[in-house]
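Asker: I have a structure I would like to understand better, so I am pasting it below and will then ask my questions one at a time.
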Amino acid sequence: MAVNVYSTSVTSDNLSRHDMLAWINESLQLNLTKIEQLCSGAAYCQFMDMLFPGSIALKKVKFQAKLEHEYIQNFKILQAGFKRMGVDKIIPVDKLVKGKFQDNFEFVQWFKKFFDANYDGKEYDPVAARQGQETAVAPSLVAPALSKPKKPLGSGSAAPQRPIATQRTTAAPKAGPGMVRKNPGMGNGDDEAAELMQQVKVLKLTVEDLEKERDFYFGKLRNIELICQENEGENDPVLQRIVDILYATDEGFVIPDEGGPQEEQEEY
(Lines of atoms letter the chains of each structure in order from A and count residues from 1; the text may use other names and numbers.)
(Lines give C-alpha, C1' and ligand atoms only; values in the text may rest on other atoms or scores of the structure.)
Protein backbone atom coordinates (compact mmCIF):
# COMPACT_ATOMS: atom_id res chain seq x y z
CA MET A 1 0.00 0.00 0.00
CA ALA A 2 1.06 3.58 -0.64
CA VAL A 3 2.35 6.08 1.91
CA ASN A 4 -0.12 8.96 1.91
CA VAL A 5 1.12 12.54 1.83
CA TYR A 6 -1.03 15.33 3.22
CA SER A 7 1.30 18.33 3.05
CA THR A 8 0.11 21.37 1.12
CA SER A 9 1.76 22.50 -2.09
CA VAL A 10 2.96 25.78 -0.59
CA THR A 11 6.27 24.92 1.10
CA SER A 12 9.81 26.18 0.80
CA ASP A 13 11.15 22.90 -0.61
CA ASN A 14 8.95 22.93 -3.71
CA LEU A 15 10.67 22.56 -7.07
CA SER A 16 10.41 25.38 -9.58
CA ARG A 17 8.59 24.84 -12.84
CA HIS A 18 11.86 24.19 -14.69
CA ASP A 19 13.15 21.78 -12.05
CA MET A 20 9.84 19.93 -12.04
CA LEU A 21 9.86 19.51 -15.82
CA ALA A 22 13.48 18.36 -15.71
CA TRP A 23 12.62 15.72 -13.09
CA ILE A 24 9.62 14.45 -15.09
CA ASN A 25 11.48 14.38 -18.40
CA GLU A 26 14.52 12.61 -16.99
CA SER A 27 12.51 10.10 -14.97
CA LEU A 28 10.12 9.17 -17.80
CA GLN A 29 12.34 10.08 -20.79
CA LEU A 30 9.80 12.57 -22.11
CA ASN A 31 10.12 15.98 -23.74
CA LEU A 32 7.52 18.04 -21.92
CA THR A 33 8.06 21.79 -22.21
CA LYS A 34 5.10 23.10 -20.20
CA ILE A 35 3.50 22.17 -16.89
CA GLU A 36 0.13 22.45 -18.64
CA GLN A 37 0.96 19.34 -20.70
CA LEU A 38 0.45 17.25 -17.56
CA CYS A 39 -3.29 17.78 -18.03
CA SER A 40 -3.48 14.55 -20.05
CA GLY A 41 -2.80 12.49 -16.92
CA ALA A 42 -0.51 10.11 -18.82
CA ALA A 43 2.67 11.03 -16.93
CA TYR A 44 1.00 10.44 -13.56
CA CYS A 45 -0.21 7.03 -14.71
CA GLN A 46 3.32 6.02 -15.67
CA PHE A 47 4.74 7.29 -12.40
CA MET A 48 2.20 5.08 -10.58
CA ASP A 49 3.32 2.13 -12.71
CA MET A 50 6.90 2.93 -11.69
CA LEU A 51 6.06 3.18 -7.99
CA PHE A 52 3.59 0.29 -7.79
CA PRO A 53 3.96 -2.17 -10.69
CA GLY A 54 0.59 -3.60 -11.64
CA SER A 55 -1.43 -0.84 -9.97
CA ILE A 56 -2.16 0.83 -13.32
CA ALA A 57 -3.44 -0.65 -16.57
CA LEU A 58 -0.67 1.15 -18.48
CA LYS A 59 -1.67 -0.37 -21.83
CA LYS A 60 -4.99 1.49 -21.58
CA VAL A 61 -3.35 4.87 -20.98
CA LYS A 62 -3.56 7.16 -24.01
CA PHE A 63 -0.15 8.82 -24.26
CA GLN A 64 -1.24 10.43 -27.54
CA ALA A 65 -4.34 12.00 -25.95
CA LYS A 66 -5.23 15.41 -27.37
CA LEU A 67 -8.89 15.78 -26.39
CA GLU A 68 -10.46 16.46 -23.01
CA HIS A 69 -12.48 13.25 -22.90
CA GLU A 70 -9.24 11.30 -23.47
CA TYR A 71 -7.62 13.15 -20.58
CA ILE A 72 -10.57 12.25 -18.37
CA GLN A 73 -10.20 8.59 -19.31
CA ASN A 74 -6.53 8.67 -18.30
CA PHE A 75 -7.40 10.24 -14.96
CA LYS A 76 -10.03 7.55 -14.38
CA ILE A 77 -7.24 4.99 -14.77
CA LEU A 78 -5.14 7.01 -12.32
CA GLN A 79 -8.03 7.18 -9.86
CA ALA A 80 -8.42 3.41 -10.06
CA GLY A 81 -4.71 3.04 -9.27
CA PHE A 82 -5.04 5.41 -6.32
CA LYS A 83 -7.96 3.42 -4.96
CA ARG A 84 -6.14 0.12 -5.45
CA MET A 85 -3.09 1.37 -3.52
CA GLY A 86 -5.04 3.18 -0.80
CA VAL A 87 -4.11 6.73 -1.85
CA ASP A 88 -6.46 9.20 -0.17
CA LYS A 89 -5.75 12.15 -2.46
CA ILE A 90 -8.77 13.44 -4.37
CA ILE A 91 -7.82 14.21 -7.97
CA PRO A 92 -9.41 17.48 -9.20
CA VAL A 93 -9.97 16.04 -12.67
CA ASP A 94 -12.39 18.74 -13.81
CA LYS A 95 -9.74 21.41 -13.16
CA LEU A 96 -6.66 19.54 -14.38
CA VAL A 97 -8.06 18.62 -17.79
CA LYS A 98 -8.62 22.31 -18.60
CA GLY A 99 -4.85 22.67 -18.96
CA LYS A 100 -4.42 25.69 -16.68
CA PHE A 101 -0.98 26.28 -15.22
CA GLN A 102 -1.98 26.96 -11.61
CA ASP A 103 -4.14 23.85 -11.12
CA ASN A 104 -1.64 21.53 -12.77
CA PHE A 105 1.33 23.05 -10.97
CA GLU A 106 -0.31 22.63 -7.55
CA PHE A 107 -1.18 19.00 -8.25
CA VAL A 108 2.27 18.06 -9.56
CA GLN A 109 3.86 19.69 -6.50
CA TRP A 110 1.81 17.36 -4.31
CA PHE A 111 2.57 14.38 -6.57
CA LYS A 112 6.34 15.01 -6.32
CA LYS A 113 6.11 14.76 -2.53
CA PHE A 114 4.00 11.62 -2.88
CA PHE A 115 6.60 10.14 -5.24
CA ASP A 116 9.49 10.91 -2.89
CA ALA A 117 7.63 9.27 0.00
CA ASN A 118 7.01 6.04 -1.95
CA TYR A 119 9.91 5.60 -4.39
CA ASP A 120 12.24 2.75 -3.39
CA GLY A 121 15.00 3.39 -5.95
CA LYS A 122 14.35 0.43 -8.21
CA GLU A 123 15.32 0.67 -11.88
CA TYR A 124 12.59 1.29 -14.42
CA ASP A 125 12.64 1.55 -18.21
CA PRO A 126 9.88 4.08 -19.00
CA VAL A 127 10.16 3.84 -22.79
CA ALA A 128 9.83 0.06 -22.80
CA ALA A 129 6.99 0.20 -20.26
CA ARG A 130 4.90 2.44 -22.52
CA GLN A 131 6.01 0.52 -25.62
CA GLY A 132 7.81 3.48 -27.14
CA GLN A 133 4.82 5.81 -27.13
CA GLU A 134 5.45 9.53 -26.84
CA THR A 135 3.08 12.05 -25.31
CA ALA A 136 1.16 14.25 -27.70
CA VAL A 137 0.54 17.96 -27.18
CA ALA A 138 -2.95 19.39 -27.57
CA PRO A 139 -3.16 22.23 -30.13
CA SER A 140 -4.35 24.60 -27.38
CA LEU A 141 -1.07 24.07 -25.49
CA VAL A 142 1.20 24.97 -28.42
CA ALA A 143 2.01 28.51 -29.46
CA PRO A 144 0.88 29.12 -33.08
CA ALA A 145 4.36 30.18 -34.22
CA LEU A 146 6.21 27.33 -32.56
CA SER A 147 7.24 24.34 -34.61
CA LYS A 148 10.04 22.92 -32.50
CA PRO A 149 11.18 19.51 -33.78
CA LYS A 150 10.91 16.62 -31.36
CA LYS A 151 14.22 15.63 -29.78
CA PRO A 152 15.25 12.01 -30.31
CA LEU A 153 15.21 9.85 -27.21
CA GLY A 154 17.75 7.36 -28.45
CA SER A 155 17.32 3.68 -29.25
CA GLY A 156 14.77 1.51 -27.50
CA SER A 157 17.58 -0.64 -26.10
CA ALA A 158 18.82 2.12 -23.80
CA ALA A 159 19.57 1.06 -20.25
CA PRO A 160 16.76 1.55 -17.72
CA GLN A 161 16.85 4.97 -16.12
CA ARG A 162 16.69 5.55 -12.38
CA PRO A 163 14.37 8.48 -11.59
CA ILE A 164 15.72 11.42 -9.69
CA ALA A 165 13.84 11.93 -6.45
CA THR A 166 15.40 15.10 -5.09
CA GLN A 167 18.05 16.39 -7.51
CA ARG A 168 17.40 19.88 -8.83
CA THR A 169 18.39 20.73 -12.36
CA THR A 170 17.40 23.45 -14.76
CA ALA A 171 15.32 22.85 -17.85
CA ALA A 172 15.81 26.28 -19.39
CA PRO A 173 17.06 26.08 -22.99
CA LYS A 174 20.81 26.52 -23.20
CA ALA A 175 22.15 28.97 -25.73
CA GLY A 176 25.62 27.96 -26.82
CA PRO A 177 27.84 27.11 -29.76
CA GLY A 178 26.40 23.61 -29.98
CA MET A 179 22.89 24.81 -30.73
CA VAL A 180 23.71 26.35 -34.12
CA ARG A 181 25.25 24.07 -36.71
CA LYS A 182 26.06 25.80 -39.93
CA ASN A 183 25.65 23.66 -43.00
CA PRO A 184 28.82 23.93 -45.11
CA GLY A 185 26.75 23.46 -48.23
CA MET A 186 24.52 26.46 -47.53
CA GLY A 187 26.23 29.70 -48.40
CA ASN A 188 23.22 31.95 -47.71
CA GLY A 189 22.90 30.99 -44.03
CA ASP A 190 19.15 30.29 -44.29
CA ASP A 191 19.37 27.22 -42.08
CA GLU A 192 21.32 29.09 -39.43
CA ALA A 193 18.84 31.98 -39.45
CA ALA A 194 15.89 29.60 -39.16
CA GLU A 195 17.47 27.81 -36.22
CA LEU A 196 18.22 31.10 -34.48
CA MET A 197 14.61 32.17 -34.96
CA GLN A 198 13.50 28.88 -33.45
CA GLN A 199 15.69 29.52 -30.40
CA VAL A 200 14.10 32.95 -30.01
CA LYS A 201 10.62 31.40 -30.07
CA VAL A 202 11.56 28.85 -27.43
CA LEU A 203 13.08 31.53 -25.21
CA LYS A 204 9.95 33.66 -25.56
CA LEU A 205 7.82 30.74 -24.41
CA THR A 206 10.17 30.24 -21.46
CA VAL A 207 9.76 33.88 -20.46
CA GLU A 208 5.97 33.61 -20.73
CA ASP A 209 5.95 30.57 -18.47
CA LEU A 210 8.21 32.26 -15.94
CA GLU A 211 5.86 35.25 -15.88
CA LYS A 212 2.92 32.92 -15.25
CA GLU A 213 4.79 31.27 -12.39
CA ARG A 214 5.70 34.68 -10.95
CA ASP A 215 2.09 35.87 -11.10
CA PHE A 216 0.93 32.60 -9.54
CA TYR A 217 3.10 33.06 -6.45
CA PHE A 218 2.49 36.80 -6.29
CA GLY A 219 -1.26 36.11 -6.15
CA LYS A 220 -0.77 33.80 -3.20
CA LEU A 221 1.37 36.36 -1.37
CA ARG A 222 -1.21 39.06 -2.06
CA ASN A 223 -3.97 36.90 -0.56
CA ILE A 224 -1.85 36.32 2.55
CA GLU A 225 -1.24 40.06 2.81
CA LEU A 226 -4.98 40.81 2.63
CA ILE A 227 -5.71 38.29 5.40
CA CYS A 228 -3.05 39.91 7.57
CA GLN A 229 -4.48 43.36 6.93
CA GLU A 230 -7.99 42.21 7.82
CA ASN A 231 -6.74 41.00 11.23
CA GLU A 232 -4.22 43.77 11.80
CA GLY A 233 -5.64 44.99 15.13
CA GLU A 234 -5.53 41.63 16.92
CA ASN A 235 -1.89 41.94 18.06
CA ASP A 236 -1.23 38.33 17.12
CA PRO A 237 2.55 37.64 17.27
CA VAL A 238 2.27 34.96 14.59
CA LEU A 239 0.42 37.36 12.32
CA GLN A 240 3.07 40.01 12.93
CA ARG A 241 5.80 37.50 12.09
CA ILE A 242 4.08 36.74 8.77
CA VAL A 243 3.84 40.46 7.98
CA ASP A 244 7.53 40.93 8.78
CA ILE A 245 8.44 38.13 6.37
CA LEU A 246 6.18 39.54 3.64
CA TYR A 247 7.78 42.97 3.79
CA ALA A 248 11.37 41.87 4.43
CA THR A 249 13.97 42.82 1.79
CA ASP A 250 17.48 41.62 1.10
CA GLU A 251 20.34 43.52 2.70
CA GLY A 252 21.39 46.43 0.53
CA PHE A 253 18.19 46.39 -1.53
CA VAL A 254 16.90 49.87 -2.36
CA ILE A 255 13.42 50.46 -3.72
CA PRO A 256 13.92 52.49 -6.93
CA ASP A 257 12.36 55.93 -7.32
CA GLU A 258 9.48 56.16 -9.75
CA GLY A 259 11.10 59.03 -11.64
CA GLY A 260 14.77 58.38 -12.39
CA PRO A 261 15.04 54.68 -13.23
CA GLN A 262 12.37 54.91 -15.90
CA GLU A 263 14.74 56.75 -18.23
CA GLU A 264 17.47 54.18 -17.61
CA GLN A 265 15.08 51.35 -18.41
CA GLU A 266 14.07 53.03 -21.65
CA GLU A 267 17.73 53.45 -22.65
CA TYR A 268 18.37 49.80 -21.84
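From the backbone N, Cα and C atoms, a Cβ is placed for every residue, glycine too.
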Asker: Have a look at 16-39, 232-255 and point to the one annotated region 'Interaction with SKA1' in Swiss-Prot.
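Answerer: Among 16-39, 232-255, the range Swiss-Prot annotates as region 'Interaction with SKA1' is 232-255.
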Asker: According to DSSP, does K220 (N6-acetyllysine) sit in a helix, a strand, or coil?
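Answerer: DSSP call for K220 (N6-acetyllysine): helix.
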Asker: Taking only the modified residues A2, K66, K220, which one has a CA atom nearest to the CA atom of Y124 (phosphotyrosine)?
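Answerer: If we rank A2, K66, K220 by Cα distance to Y124 (phosphotyrosine), first place goes to A2.
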Asker: Can you tell me how the residues of the region 'Interaction with APC' (206-211) break down into helix, strand and coil by DSSP?
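Answerer: Helix (H, G, I), strand (E, B), coil: 6 helix, 0 strand, 0 coil.
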